[in-house]
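The structure appears below as structure tokens.
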């Protein structure tokens, strides 16, 4: 999220088939992927298909008086639905859960929280009320409590390998960056990285909200992600359009 906020374009559109294009100067990558996008009636929540079992969820929240879209993932597993990140608040999170449960005819069983800012953790009360397991690092749980949120489980280590039905998931803490607790989520079967707010979109012109950032350590953390995941297919940033590993390189450029 931002203090000096860029106006970000919503990375979804009306129900139908829509292309998204990612162009990053750091690499040659210019990618167009056709995918289904489903929106709620008010346009505040959208889910965008990356493949059969992985969708991006995007909610429009407000920061410093401006509408800002925030991304997470919906994982359609054989044992239920798993979200990467909740949403800005309980109302949006509740509607998101109801939307995906209706779409996939499965319950949301688990959520992975990537850091303790409102756009990730704002729906913790709703998750607790619904008996949904909210996984996080111990540091994120500590910061959540400090910031007045319900605490997630705090069960994730620096590297944690999880399996939800037929879906393998790895969480990785690469070091400090956007926040001291930011993690990324890796889907090895699909080579998809959920970069959260550690990774900037192609349209980002600056680092955005650095109130809780560790700018001097951010580059090292991005490099740690690049070293660990050399075969990235798609990258989902915390805000803005989906791209490829070039988004990591673009983030490094912004940090120079």
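Each Cβ is built from the backbone N, Cα and C atoms, and glycine gets one as well.
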**Item:** Residue among 35, 57, 178 sharing the Zn(2+) 1 site, where Swiss-Prot lists 115, 117 as binders
**Value:** 178
**Item:** Among 135, 239 - the residue Swiss-Prot places in the same Zn(2+) 2 site as 119, 197
**Value:** 239
**Fill in**
Taking only the CA atoms, the spacing between residue 119 (Zn(2+) 2 binding site) and residue 209 (substrate binding site), expressed in whole angstrom, is 12
**Message:** I'd like to confirm something. Which of the binding-site residues, 197, 200, 239, has a Cα closest to the Cα of residue 115 (Zn(2+) 1 binding site)?
**Reply:** 197
**Request:** For residue 178 (Zn(2+) 1 binding site) and residue 209 (substrate binding site), determine the Cα separation and express it in whole Å.
**Result:** 8
**Rounded Cα separation (Å) that holds between residue 200 (substrate binding site) and residue 239 (Zn(2+) 2 binding site)** = 7
**Message:** What does the structure give for the C-alpha distance between residue 209 (substrate binding site) and residue 197 (Zn(2+) 2 binding site)? Integer Å is fine.
**Reply:** 10
**Other CB atoms within 10 A, centred on residue 197 (Zn(2+) 2 binding site)** = 27
